[in-house]
Each structure stands twice: as structure tokens, then as C-alpha cells.
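Structure first, commentary second.
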Amino acid sequence: MNELPKMKNQTAKIFCGLLLALSAICANAQDAAEDAAPATVLPTTYEAMVAALPEASYDDKELLLQKISQSGNPQAPNLLHALLDGRLMATEAGKVYISQSSDEALAAKNLSDAITGAAVTGVNAESISPIGTNNRLRKGLRALCAQLDLASADADARSKAVQSIMRDLDEAGTAALRARLPLEKESSIQKSISSALALADLQSADANIRLAAVETLSGDISSEVYNGLTTLITKNDDGSFTEPDLRVRTAAAEGIRKIETRRKAYGALETLFFGLSLGSVLVLAAIGLAITFGVMGVINMAHGELIMLGAYTTYVMQLLMPQHIALSLFLSVPAAFLVSGLVGVGIERGIVRFLHGRPLETLLATFGLSLVLQQLVRSVFSPLNRSVASPEFMSGSLVINDAFSVTYNRLYIVFFMLIVFAALQLILKRTSLGLKVRAVSQNRAMARAMGVRTEWIDAATFGLGSGIAGVAGVALSQLTNVGPNLGQAYIIDSFMVVVFGGVGSLWGTLISGMSLGVVNKLLEPWAGAVMAKILVLVFLIVFIQKRPRGLFPQKGRSVEN
Amino acid sequence: MIIKTLSERFFATDRGSSIFFSLLLLVTVLVPTLNLATGEGSFLHIPNYSVALIGKYMCYAMLAIAVDLIWGYCGILSLGHTAFFALGGYAMGMYLMRQIGTRGVYADPILPDFMVFLNWKELPWFWHGMDHFWLAAIMIVLAPGLLAYVFGWFAFRSRVTGVYLSIITQALTYALLLAFFRNEMGFGGNNGLTDFKDILGFDLQAQSTRVALFIATAVALGLAYFTSRYVVRSRLGRVIEAVRDAESRTRFIGYKVESYKLWVWTFSAVLAGIAGALYVPQVGIINPGEFAPINSIEVVVWVAVGGRGTLYGAALGAVLVNYAKTYFTAALPEVWLYALGALFIGVTLFLPQGIVGLISQLARRRA
């Protein structure tokens, strides 16, 4: 950034204004203006500078902002950020306020005075308007903000500031980083500052400095470093290298190789994560089936539609409380459990119990039911897909570094699946209901002889499995559109997961779902998404031939027929 | 005595079979006659689309007989039988596709339109020779037969039974559905094979060709019924029924259960393939949608509605349910799935023997 003059000549200002679009030329003009001495006086006190902001031209604003950032006033960082975000408001009378929101409707609430920082109330929303900026000004502002933030007490803000400076390295930014480096206590930020400085050093005229810089950078996987190093080993149009020194080139090539290896490792990690999150979806979809099919031995082809009902419950909950998306999502979990669970109890009482011991007939009847449920949803909600909004904490992603970031919704689904799984295990292993469920599934006649009301247990077990399917629907509504065919898409996968894991084994379902998810994602880059799915299906078909009882077969005599 | 047993074995002498054959004969004679001999405005005239529709029903009836053979008699519930049906259809479709020649949109003498569209330079290896009808005819039998044989050999040998088998047959057809949707497979992807011009040199749009196809389908249905009937009446059929009722016991007596199952399974798949091959020229298109698992399950419902384990019941169910489908999807489209769903539930809960069972029950009550 060029050295800025304290005063400026009116003619130079007009001249500059004419050439605003060409900033390089404009910079020259400002240099010229510096030489031409007499000028209008810009205010020097902080209060006066702030007050002058709303009316100043864009060029004057730039100068004023420079001064404000150098003023050391504790309000300065706040003010610059507010201006950058369009939250800096001015009244007709020239008062300047910082608002908490750039939204016009909300801007008048939560105002604070730009000079003192004190909260201000009773300002008419009509009377304030945001102070305008243009692209060039915002670019400068971002640099100023980043430089100011380097001194911030918040480590997160400092780290962001370093990243921001690194993206657009210039002299002022480099100087600010150099000044910060000895003061910085946080080691991770220290590291990224030295990376940024080394990146700047790559432009140095001294080959030794460049070499040292390359060595510092080697292994840093951020894309700025990667691009910086790649420019070193690229050739000019005439065939000569952009980097004249062979040592630096070799070091750069080595550094790039290191970066690529590390990136590959992170890429593998990302694939693994995608696989685990897909696996979690599969486990969620299948775990209800692991109860109804695995524990009870009932083929419920309407399982997918119970998932769909859960997803629609989320949709309805959101319609009921459109202002509280996060709350509606949390309330949807018990609501979907109840809706799908009750439907499940209805299915058990109305259909399944009459077909006890006739699995193929159960399969057909529940399939018919799934058609009816699908059509019912089409009649009630329309055949079109409905989209369910995600609350704020679900959107965005957790960026670990440039090569590896995980989206929150996929991350949360893994945790959600684990919670559901743990809850189910607790119910089955630690409650009296769970004890009876296991007893009935192991030996129905004996359980009845011991006084267990098997009909009630059947209905409750089926309801439990169906309710879990509904809960899975809540999770799926956050990943895909909610439509009448939602359940159909998961029914074959769910059965595959349960059969692969071993019927009757919840842990088997967990492990099989997770491994199928990971295998699917591992195959995807190599074979394409559809082919990966086909390969997994074929693998499963072959696997079931080899081990018809799955990965973790139940032991004992009850499994023989 | 010997003559009587022989005639019983070769000719269907029970009442259901007699009715089936009489009806089939009636339809085979009556429909073409009324279509060709009477004028457009005549009261008795059967329009061309009805001929195609009835031909389609007969293909479905054949498919239903194939499913009844393994489900009703052998106890294997296949939820993927339309995979074999569609494979036979695709074999026929490939032949018809090669017959188009230069009459396609891109007028390429060798490559079908979709390949030109996808910028392919030469035929994939499995398309070679499919312009000969004899090879297509072999493929119609071989493709579904081989798949069924390999699949069945693995499945039955490792004793995958009951629900597990049903689920992996469903996975099989689902995997094929996904595969055939891919353009790279070389079967026309999403759009499938269509826009056929002629078969064996006869124009497919011509009335006479359509009637000939109709008669061919009727004959094939009759033959399918006859052979299936022969199989289930033979000693082989007795063993197959024994496998259905008590698989382990049959094995302990000394029968190689796997071989019996494999045989009847492959035979059933071939029947389904032939039905598919006859289906394609009459409806004029084959696409991956035919592989959809729901289609296979629908076939099972036809059999259940008609009455499993009777063969003629399966044919009856196929025609009745499909007639209802044609009617409902035109008149009350939103009601069709309700009706189909209710049919599934109602038949399994209240009519385990299907319509045929109901009729014989009523007849017994009257007697």
C-alpha cells in the first residue's frame, strides 16, 4: 500500500476521481498529489474523523479509514468491521452509529454510538441509512480489519486475520505480520504467520532468502502455499524457469511432493468421513428393521414408509412453528417416534399378527401397505418433494484445513446415529421391556409360560422398531428432500444392511452399515456412484450365498429354521 | 390304464386346465377374426389397440405362470422375476434395433441411434450378430437362463432360503435396474430401446404382423402352460412339491434338493424371458423401468390373487389384475395404488388360496 498523504489538493482529487477505475494509475496520481503540497485539511481527532465519514468521497473515506485504523482508539476495530459488513449507520444530521444487524428492518434496534461505544436507543429507523462503500474500499477495509485483528485478544479472530492477509499479501500486511510474529503466543498462529511471511519472502531478490522460505513452507497444505510453490517450478513462455536458482527449484519440487502426499492423506481421511456419514444414514435406516426383522423375524416392507412418515412429521412440525426451526427439529424426534410408532403398532395389530409364522405372506401384505401409505402421502401432501429447512447450527462446515473440511449436517448425523444406537441398546439390555422382548424372540412358548403377555410385547417391539424408523426419517429430512418415494429408496439398502450384519444382532447392523458406507465411498471415485452401488449390491448377493447368516450370526438352536 | 395315465400326464384333463385351454383357443380364434374380418364401424369389431392389449396380458399371464411354477410349487418367492422378463425383452429389443438399419434418425447402417448420439464409433461386442434372428432367439433363452442358473447355483447350494432368497432376488433386479440405467452399459440407458420398424422383414405397424404376433403369443402361452403342467404332473413335480412342503425331509430321504430347485428355477426364468421377448414387439419399447423391484412384486400379487399352485389361477390373476390396472389408471389414476395395496393385504389375509380357491370352496359348499 502506498504511503498516504496527509493533505490533498482539490485538482488532484478531481484528477483522481476521473481515473478511479484504474487503481494503478490512481495510485500514481496520489503519489503525484503528495508532491503537490497545498490541500484541504482532513480532520485529525478520532471524533471528527468519524463524523466526517458519511459525507466524505470514496477517496477521502479511504484516507480517513487509514487514519482511524492507526488512531489506536479502542472503538476503531468495531467501526471498521461494521463498515465492512454494511452495519455502520449515519443519520442526516451526521451522527454515526454501529448497528448489530445489516438488515434494514432490524438495524434501528441494538444501536451503539460509533465514538463512545455506548448503547443508544430511541433512534428512528427511518432516519438512519448505512454508509456506502465500493469494491476498492472494501478491499482496503478487509486488509485494515485484518491488520487490526492481529492484535485482537481472541485467538480465533487473529487466526482468521492471518488467513485473510495471506490471501492478498501486500507490503502493509507483511509488515503487520512481521510486527506481530514476536508478540504472538499461540503456536498455531505463529506457524501460519511464518508461513505467510515465507510466502512473501518467495518474492525476495535474494536466492538464499527464497530457499529458506521454500524450506519453511514445505509441508504446509494450504492452497496459497501450494500455488506459491507451483509458480516457482513453472516455465515461462520462452521455456526458461520463472525461478532462476536450481536449488530453490529442487526444494520447491520436494515441498510440492510433500504437500501432495499430505493432501492425499487428508483426501483419504475425507473419504473415510463421507463413508462413515453414509454408513450412519444406512444404520439409522436399518436399525428399526434390525428390531422388527432381526429380533421379531417379521418382514416389514413398509419400513421405508415409516421412515418417510418420520420425515413428513418433521415437515409438519416445521409448518407448525416456522419461527423456531431448531426447536421444531428437536421436538420432531419424539413426535416422529410417536407417529411412526403408533402406525407400527397399528400394522402389528391389524395385519402382522394374523400372519404369524408366514413370512412370505407378511412380506406381501406389508408391501401392499407400503403402497397405500405412499399414495396416502401423495393425496395429503401432494406428490411433489417438500424441502425441510435446516437450522443454522446444521449448515456450514467445520474447516480443519484447506484439504479437509466436514459439513456439520454430516457430522451431526454420525453423532445422532450413535445416540439412537446407544438408546436402543439401553432399552433392550437394561429395561424390563427389553428383557421381555428378548425372551419372546428367543422362546415364545416359554416366555408365555412365564407369564409374559406375548401379544403386548409383539405390539410394543414392532412399535419400537417402527418408532426408530420415524426417528431416522427426521435425520434423513435434513439430508434429502422429503417426498413420497423417500422410503422406497432405502428399503433394499436397509434389508441388505441387516442381513449382512446378521439377523438379530444390533452390533452387526452397526458394523455392517458403517462398513458398507465406507466401501461404497471408497469405490465411488474409482467406479462412479452408480457403479459403486451396483458393486456393493453384487458383493452382498455373493456374500449372503457364502454366509447366509451374515457377519455375526446368532448362535444357538433357535436359528435352525 | 396306461393310456389313461399317459393322457393325464400329457393332456390336461382337470377342469381348470380344460377351461384354460378352451378360453385360450377361443381368444386365439376370435380376436384375430374379429379384428381382421369386421369393418371399423362394426359392432363386433376389435380395434388394433385391444389386440395389442390382450397380447400384452397374455405375456403377463406367461410370466405369472413362470412365477407360480417356482412360488406355488417350489416355495421360492422370487421378488426379481421381471429381471428375467426384461432380459428376454432386451435380447429381442437388440434384434429389433439392428433391423432399423438406415431408417433411424441418424441413418447409420450399423449403429443404433443412441450409440451415434453418444458418439460411439463401433458396436460393443455383445451387439455383434444380434441382427440375426436365430442368435437373438438363442440369447432370449440364454441370457435369463444363464443368469438364473448361475444365481441359483450359488444360492441353492449354500441353502439360502425363504425370506433371504426373496431379498437377494430383489437386490439382483435392483442392481440390474441401476446398471441398465447407465449409458455406458450400451443398452440405451434411460430411454431403453424403442422406435422399432420391422421383425423378420414384416412391418411391425402392419395389422397382419400384429395379429401374427398375437397368435404367436397365444401359442407360446399355450405351450408354456402345457410344459409347466407336464413338469408339475411328472415325478419331478412331485419332488418339487415335496421340497416346498418339507425341504429338509426331502433331502434326508435322499433327493438332491439343490438340483431340483435349480432346474425348476432356471426353467421358470427361461419362460419369463420368452414372455419378455414376445412382450417387446407388441408394446414397442423396452427400458430399464421393467427391472424395477415393484414390478416383480406386482407379478407375485397376480399369482396370489388368482390362486397359487394351480397355474391357470396365475394366468387368471395376471389378466384380471392387469385389466383392473388398465381400467383404474385411466379412469381413477389416484385410486389405483390404494386398490393395489388393498388387494395385497386383502388377498393375503382373507383369500390365501386366491380366486380359484374361493371358487372351489363355494362349489364344495354347494355340493
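From the backbone N, Cα and C atoms, a Cβ is placed for every residue, glycine too.
If you check TrEMBL, you get these features:
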type     : residues  : note
TRANSMEM : B:19-37   : transmembrane segment
TRANSMEM : B:49-73   : transmembrane segment
TRANSMEM : B:79-97   : transmembrane segment
TRANSMEM : B:132-156 : transmembrane segment
TRANSMEM : B:163-181 : transmembrane segment
TRANSMEM : B:211-232 : transmembrane segment
TRANSMEM : B:262-280 : transmembrane segment
TRANSMEM : B:300-323 : transmembrane segment
TRANSMEM : B:335-359 : transmembrane segment
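Using the rule of three or more Cβ pairs under 8 Å, pairs at least 6 apart in sequence, the transmembrane segment (B:211-232) is in contact with the transmembrane segment (B:262-280).
A Cβ distance under 8 Å defines the sequence-distant neighbours of the transmembrane segment (B:300-323), meaning residues of its chain 6+ beyond its ends; these are 16-17, 19-20, 56-57, 60-65, 67-69, 71-73, 77-79, 221, 225, 228-229, 232, 340, 343-344, 347-348, 351, 353-358. The highest tally of CB pairs under 8 A with the transmembrane segment (B:79-97), across B:49-73, B:132-156, B:262-280, B:335-359, is held by B:262-280.
Counting residues 6+ beyond its ends, the transmembrane segment (B:262-280) has Cβ neighbours under 8 Å at 55-56, 59-60, 62-63, 65-67, 69-70, 73-74, 76, 78, 81-82, 84-93, 96, 140-141, 143-145, 147-149, 152-153, 156, 193, 213, 216-217, 220, 224, 228, 231, 236, 240, 286, 290 in the same chain. Proximity of distant same-chain residues to the transmembrane segment (B:49-73), defined by a Cβ-Cβ separation under 8 Å and at least 6 residues beyond the stretch ends, is recorded for 27, 31-32, 35, 81-82, 84-85, 210-211, 213-214, 217-218, 220-221, 224-225, 228, 231-232, 237, 240-241, 244, 264-265, 267-269, 271-272, 274-276, 278-279, 282-283, 299-300, 302-303, 306, 308-311, 313-315, 317-319, 322-323, 326. Note on the transmembrane segment (B:335-359): residues 16, 298, 301, 303-308, 310, 312-313, 316-317, 320-321, 324-325, 328-329 of its chain, located 6 or more positions outside it, place their CB under 8 angstroms from a CB of the stretch.
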